[in-house]
Amino acid sequence: MQAYLLSQQFNGSSLAENSTTCPENATICDGTSCVLPEDNFNETLSVVLSTVLTIMLALVMFSMGCNVDLKNFLGHIKRPWGICVGFLCQFGIMPLTAFLLSLAFNILPIQAVVVLIMGCCPGGTASNVIAYWVDGDMDLSISMTTCSTLLAMGMMPLCLFIYTKMWTDSDAIVLPYDSIGISLVALVIPVSIGMFVNHKWPSKAKIILKVGSIVGAILIVLIAVVGGILYKGSWIISPKLWIIGTIFPAAGYSLGFLLARIAGLSWHRCRTVSLETGMQNTQLCSTIVQLSFSPEQLELMFTFPLIYSIFQLLFALLILGGYRLYRRHRVKTKTDVEKTEQKEDSTSNAKINGGFVSNETK
């Protein structure tokens with residue numbers, strides 16, 4: 001049964017009058033907080049918003065597919081060095097980082113498990129939108145997201161079995177394979193249609209891509225806002241989880257970029273691997289958490305996926321802003337250098353040919 005936590009603080013007089021005041025339909029109550037079943041309105045709102053966001057996400061992925069060249073995409077599949085590096089980052093670095101952070105901060109076992117679940121999730125589709133804005137390799141980005149989602153069917157159980165043994169039985173964690181399958185279908189079909197449009201009508205594909213990239217950027221923010229509305233969990237959770245939720249995505253971006261550079265990938269592919277590593281499928285993590293734990297356990301860590309989602313978005317925006325500033329400065333500097341070289345060339349040619357230098361080149 002889906003439930004959400006309703007925190008209710010009482011003053012001293014109300015506690016004196018009735019220390020167990022609680023709504024009649026509360027399923028769990030200790031006098032200070034109550035777990036209530038989600039009402040029909042919230043359930044309907046959740047279904048409607050999820051449907052709308054899924055449709056919008058499919059349209060965004062369709063527009064991203066309009067920037068994917070079929071030959072380049074197949075080239076990554078046939079020579080999957082970039083995909084292999086991304087695979088190592090996604091299911092090697094992220095679970096290990098989650099494990100080390102859980103040990104370093106000595107959090108509760110149930111909290112360590114949710115951090116590990118986040119680390120074992122495949123990449124999220126938001127990374128494709130950000131990769132476009134930082135001039136990443138879209139063919140590699142799409143192929144990495146597709147492969148990580150597909151391989152998550154086997155790699156998530158394996159990673160959870162390896163890393164959660166010291167805290168809980170891995171059999172207690174319910175993996176929603178149907179949700180993973182739906183995510184895969186919602187990714188592959190729109191992207192395939194976009195690739196077909198790009199192949200048949202390249203000029204129209206560019207227009208669709210520009211519109212879709214803007215809508216995608218808005219959608220990323222909208223998902224974060226909707227998550228804050230739908231997640232009724234208590235925000236009063238351990239400060240350690242807030243710290244981990246801040247460090248974890250930053251570590252994913254940094255280590256992904258570093259490993260890609262060590263592997264010899266080009267700069268634009270390094271940016272792509274970095275984003276694919278740090279941006280996780282937080283919606284999938286939330287689904288697993290709700291299916292696997294009781295309402296009492298959810299109180300301790302239910303909002304961690306949303307915390308991670310917020311900070312992965314903030315760091316992604318910082319990366320985007322930093323890259324745009326670097327690109328603007330680089331283009332400006334490059335233009336100045338070219339003008340200087342042209343001026344020097346004109347002067348030297350004039351001296352060699354015994355000619356004169358015009359006022360335009362002075």
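Backbone N, Cα and C define each Cβ position, glycine as well.
What TrEMBL says about this protein:
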- 336-346: compositional bias 'Basic and acidic residues' (COMPBIAS)
- 347-362: compositional bias 'Polar residues' (COMPBIAS)
- 336-362: region 'Disordered' (REGION)
- 45-65: transmembrane segment (TRANSMEM)
- 85-105: transmembrane segment (TRANSMEM)
- 112-134: transmembrane segment (TRANSMEM)
- 140-163: transmembrane segment (TRANSMEM)
- 175-195: transmembrane segment (TRANSMEM)
- 207-229: transmembrane segment (TRANSMEM)
- 241-263: transmembrane segment (TRANSMEM)
- 306-326: transmembrane segment (TRANSMEM)
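Between the transmembrane segment (306-326) and the transmembrane segment (85-105), fewer than three CB pairs separated by 6 or more residues in sequence fall under 8 Å, so the two stretches do not touch. Against the transmembrane segment (241-263), stretch 85-105 has more CB pairs under 8 A than any other of 85-105, 140-163, 175-195.
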